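First the structure, in the form of structure tokens, and then the observations on it.
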Amino acid sequence: MSAVSLQDDEDTFKILIATDIHLGYLEKDAVRGNDTFVTFNEILEHAQKNEVDFILLGGDLFHENKPSRKTIHTCLESLRKYCMGDRPVSFEVLSDQAVNFQLSKFPWVNYQDENLNIFMPIFSIHGNHDDPTGVDALCALDILSCAGLLNHFGRSTSVEKIDISPILLRKGRTKIALYGLGAIPDERLYRMFVNKQVTMLRPKEDEDSWFNMFVIHQNRSKHGATNYIPEQFLDDFINLAVWGHEHECKITPAQNEQQHFYVTQPGSSVVTSLSPGEAVKKHIGLLRVKGKKMKMQRIALETVRTFYMEDVVLADHPELFNPDNPKVTQAIQAFCMEKVEMMLDNAERERLGNPRQPQKPLIILRVDYTGGFEPFIVHRFSQKYMDRVANPKDIIHFFRHREQKEKNDNDINFGKLLSRPASEEVTLRVEDLVKQYFQTAEKKVQLSLLTERRMGEAVQEFVDKEEKDAIEELVKFQLEKTQRFLKERHIDAEEEKIDEEVRKFRESRRKNTEEEDEEVREAMTRARAHRSEGVVLDSASSDEGLMDTGMKASGDSDDDIPTTLSRGRGRGRARGARGQNSAARGSSRRGRGNTSQGSSTSSRTYKSVPDKNSSIMDAFRSLKPEPSQSTSKFFSEDIIDDEMDLEESPISLSSKTNQRSSAMSSFSKRGSQSQMSRGVDFESDEDDPFKNTATSRRKK
């Protein structure tokens with residue numbers, strides 16, 4: 001293949017690759033609050049400057065599952081600024097977009113929308129931070145997709161089987177099959193791969209003429225028996241896998257020796273954890289693809305905050321530190337101060353060479369005090385650097401080295417694991433564990449209202465969809481249903497009779513599985529509705545500031561006043577109270593502190609708040625409990641791969657294929673482990689099709 005220049009690009013795809021941008025991370029921090037937004041703008045600037053065909057993101061565009069209004073607004077602002085314009089898009093989509101974007105209300109790529117003017121489309125899968133949740137299975141990326149600023153692909157709604165249909169792209173004579181799979185809990189996806197429940201669909205015609213890219217967002221390094229996805233699980237016809245979720249930058253593609261495809265790990269564009277993997281220089285990649293040849297150009301990010309980390313083992317300096325010396329703590333503190341100053345000097349020299357870099361660096365000194373040493377007070381030490389570092393509270397980290405037992409882990413034969421017969425499938429699921437537990441549990445802890453199936457589905461909602469109110473709402477829903485059943489039957493308020501009727505009711509419900517499923521769906525819908533209602537009520541309460549509290553003061557009248565809960569009308573009701581006479585305003589027995597105007601413990605009457613743990617007996621002596629409006633957040637933590645690989649080398653792939661330009665939208669399922677002519681290798685500089693390409697490399 002002849003060498004091409006930047007002006008001869010009609011057959012060459014230019015793709016900007018990035019992942020784990022984590023917009024909104026520490027957005028309330030006075031120093032680091034804007035770091036993610038600044039770096040995101042830099043990434044878009046590089047894409048615009050290099051006139052890429054499209055941007056490919058590997059997940060975790062947002063740090064929070066429900067980003068703040070500031071984060072959403074800033075993201076939309078950047079996308080409108082850099083992605084909209086009059087420049088024509090030079091590639092076309094050949095696949096059936098109704099299949100690629102089947103979960104979208106606008107099932108087509110955004111640049112083909114006649115109402116939009118997109119010149120630089122973005123394709124992105126979701127990560128574990130911004131994954132779809134709730135009854136409607138929506139995420140923040142769906143907001144951007146609905147606005148026409150991003151193409152969200154790689155979604156899977158089934159927990160039983162996943163069919164990955166590629167987006168087929170063509171530019172000139174180069175054809176790319178873009179596969180994507182959004183974040184799925186690693187244990188579940190591992191099980192699905194083993195059970196052969198994941199299938200990658202391929203075009204029926206000229207399947208060897210496509211450059212196959214796969215974007216994935218999972219654990220790449222092993223963190224447990226099944227808490228990661230081995231590279232050997234991926235199909236061997238893939239040419240390049242873009243691996244998100246791992247934050248260490250290993251963007252130079254590395255070849256898998258068994259599957260023979262290449263894997264690039266761009267890493268995060270912002271430091272989210274003070275670990276060694278995050279200290280590696282941050283890069284994004286400019287990928288060029290022509291035919292089945294590729295070349296990755298690394299672009300160093302200039303706006304990333306400098307991060308220096310160093311380890312100190314006190315036991316390695318016996319000439320300086322003696323644990324029996326009464327002044328050893330002062331000596332350790334002086335030694336640590338010297339180390340921190342050295343790192344600050346290095347950070348300042350690096351910043352002077354790059355004016356776009358933030359002024360305050362991230363500094364962390366990890367001190368191993370094994371050997372009888374005692375740590376000093378970190379808080380006092382940190383105060384000396386409040387104005388010089390971005391993380392003053394985390395400068396010093398003391399730890400003790402623990403000798404780990406050597407694990408005799410034999411290498412796993414993944415080929416044998418994937419070729420297991422169906423009779424040996426791994427069928428362990430959360431809902432099955434719940435059912436097994438309650439069926440074998442002692443009588444005193446067995447379920448009396450819910451069936452094992454219902455509880456298992458509630459736990460599945462809690463685990464898989466992060467629906468924090470799932471279990472609570474299902475229990476409440478079934479409690480209310482049982483109470484209504486008992487009231488309708490006019491059962492005497494005797495515990496034995498009630499228990500017997502509850503048992504009969506439970507058995508009748510267990511036999512009707514369809515009605516059980518409907519009740520679970522109704523309870524989950526109500527959980528979402530109650531959570532939304534709670535947000536509205538909380539907002540109204542903060543705006544009005546005078547909502548009734550429903551609490552009875554302990555020092556009020558000793559008279560037997562029925563305490564009933566009634567929601568006030570906020571500010572309007574408080575103003576009405578001002579119109580009363582002065583005697584009414586000062587009638588509280590406790591004086592000024594308890595006036596109706598200034599205290600929440602006034603002499604109003606309130607309904608009692610039912611106990612959350614209400615029993616069946618409450619059906620006969622209390623009102624129906626009100627739904628919970630509690631909300632909770634879920635925080636995920638990324639595990640960083642600490643291996644470092646900053647080597648840079650151009651890569652090219654070659655294959656003897658026939659180029660065909662016919663459009664295709666049908667696919668055929670192919671075995672993932674079939675042996676075929678790969679046609680993927682490293683080429684020498686003499687054969688590099690981009691040898692004469694004028695590329696501007698950024699200074700590291």
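The backbone N, Cα and C atoms fix where each Cβ goes, and this holds for glycine too.
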Candidates His245, His247, His260, the one Swiss-Prot lists with Asp60, Asn128, His217 as binding Mn(2+) 2: His245
The annotated motif 'GAR' range in Swiss-Prot, which must be one of 497-520, 569-592: 569-592
Alpha-carbon spacing, Asn128 (Mn(2+) 2 binding site) to His22 (Mn(2+) 1 binding site), which is rounded to whole Å: 11
Candidates Asp20, His22, Asp60, His247 (binding-site residues) with Cα within 10 Å of His129 (active site, proton donor): Asp20, His22, Asp60
Lowest local Cβ density among Asp20, Asp60, which the record lists as binding-site residues, within 10 Å: Asp20
Distance [Cα-Cα, Å, rounded] between His245 (Mn(2+) 2 binding site) and Asp20 (Mn(2+) 1 binding site): 6
